[in-house]
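Trainee: Attaching a single structure in C-alpha cells format; questions to follow.
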C-alpha cells in the first residue's frame, strides 16, 4: 500500500514540477504508511521545513484525489523510513542511486584494495564558515545533503555560477565533511585541468589502466571548473567512462562550472546530458545582506572591529562576488594596520578609491537600460516610453530593480532616468520583481543573467 500510494504521488509530482525542483525537494523524501498515517521522512530540518511549507497542500490534494475522504493523514519527520518504499522515476542510467546507496558507499572501501588517494581538500573551507544567504541557500542545502548521504539522490551534483561565488568553498566543505564522518573515505578534489594532466601523463607512461583504477575507486570525486574540458576530446572520452563507472557504483560526483551545463561549448552532448542526471543548482551573486555578513565574518576572523555602517558602505558598492569583497576588506585592513588609522567610511573611501571609481564607472543606469533592452530585444526608446504592454513593462520593471540594486541612485533619481517616472513607480517595480523572482523561474533566471552581465 505504501509503495503504491507514494509512488503514485511521486509520479504526479514529477509530472507537475520542474525537474530540478523535483530532484531537490521531492526525490530525497522517504515514506511509510502505518495506522492510516503517511509519514514522509526528510533528510534534514531544512528540507522538511521547505517541503511542508511549499508542497503540503499539493501532496494532501493528491492523496485526497487518489484515496478520497478515507485517505491517510499526512505527517512529516526527519530521518530514514523504517521499511523500504518506492522511489521516483529517474533517467535510465543503470541502478538507481536512491536505493541502497548508503549501504554500498559504506561497504565499498572494504571490497577490494585500492590505490592511495590524496584528497587535496582545504580544511579551512567548511560548512560552518560558509556564509549562507538567499543567493546560495539551495546550493548549500544540496551540498550538505550530499555530505550526509554521498552517492544518494543528488548524484551528480552540478553547481554553476560566476567566479568567486563560493562553488569551490562548497566542494571543499563536502569533501571535509565526508572525511570527518568516515576517516578512511577516498575523496579527491581537483581542478579539471589536473584530470587532463593526469590522463596525458598516463598515456605517455603507458599507465592508462592505473589511471582508470585510481579515478574509479574513489568514494567522492569533486571536480572544479568542468568547462575546461571543452575541446579536449580524449579527456572527455575518458571522463565519460569514469563518470559512468562512478555512478554505477553509487560513488558521489560533484562538478562546478561557470555556466549551465547545456551552455558549455566544446563539450559533448552525452556528457552535458549526464551532468544533469542528478541535481543542478545555480549560485547567484550575493545579495546585500549576505555581502554584509561576509564582510563581518571576515573581519571577525581577522579580529578587526568593522562598524556596521562601513560594512554596508562596502557591500553596497562591491556587488559582483565574494572574492572581490574579501579582497577589498583585506586592503582596508592592511591600510589600517600600516597607518594606524581607525576604520570609518572616509578611510574606506580613500583606501578603495580606485576600486570604487571603477565599479561606479562600470554600472550606470544608462548601461543597465541598454543591457536590458538588448537582452529582451526591444528598443531603448520603448523602455523609456509610456508603453504598458507586457513585452515592454516587464523589462522596464527589471531594469528599475537592477538600477536600485546595482547603483547608489535614489528612487526619485531612478524614476527620473526612466522617462520622469515617480519614485513610487520604481518602488512598485522593485517589489513586483522580487515577487516574480519567487514565483517565476524564467524571471529569476533573466534577473540573474543580467546581474552577471552587468557585474562582469
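We count from 1, first residue shown onward.
In case you wondered, yes, glycine gets a Cβ from its N, Cα and C as well.
As the structure is a computational prediction, the values presented were derived from the model and not from experiment.
What Swiss-Prot records for 164, 166, 167, 168 is ATP binding site. The annotation compositional bias 'Basic and acidic residues' is assigned in Swiss-Prot to 105-117. Look at Swiss-Prot and you will find 1-83 tagged as region 'Domain I, interacts with DnaA modulators'. Residues or ranges marked as region 'Domain II' in Swiss-Prot: 83-119. The region 'Disordered' annotation in Swiss-Prot covers 92-122. Annotated region 'Domain III, AAA+ region' per Swiss-Prot: 120-336, in sequence order, evidence recorded as sequence analysis. According to Swiss-Prot, the feature region 'Domain IV, binds dsDNA' maps to 337-456.
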Trainee: Between the binding-site residues 164, 166, whose Cβ has more other Cβ atoms within 10 Å than any of the rest?
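Mentor: Neighbour-count leader: 166.
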Trainee: Take the region 'Domain III, AAA+ region' (120-336) and average the pLDDT across it for me.
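Mentor: Overall, the region 'Domain III, AAA+ region' (120-336) comes to a mean pLDDT of 91.
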Trainee: Using a Cβ-Cβ cut-off under 8 angstroms and a sequence gap of six or more, which residues of the chain neighbour residue 168 (ATP binding site)?
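Mentor: In sequence order, the residues whose Cβ lies under 8 Å from that of residue 168 (ATP binding site) (at least 6 apart) are 125, 224, 256.
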Trainee: What are the sequence-distant neighbours of residue 167 (ATP binding site), meaning same chain, six or more residues apart, C-beta distance under 8 angstroms?
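Mentor: Sequence-distant Cβ neighbours: 139, 159, 160, 161, 224, 256, 283.
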Trainee: How would DSSP class residue 167 (ATP binding site) in three states?
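Mentor: It is helical.
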Trainee: Would you list the DSSP helix, strand and coil counts for the residues of the region 'Domain IV, binds dsDNA' (337-456)?
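Mentor: So the region 'Domain IV, binds dsDNA' (337-456) is made up of 93 helix, 0 strand, 27 coil.
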Trainee: List the helix, strand and coil residue totals of the region 'Domain I, interacts with DnaA modulators' (1-83) as derived from DSSP.
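Mentor: Final tally across the stretch: 49 helix, 17 strand, 17 coil.
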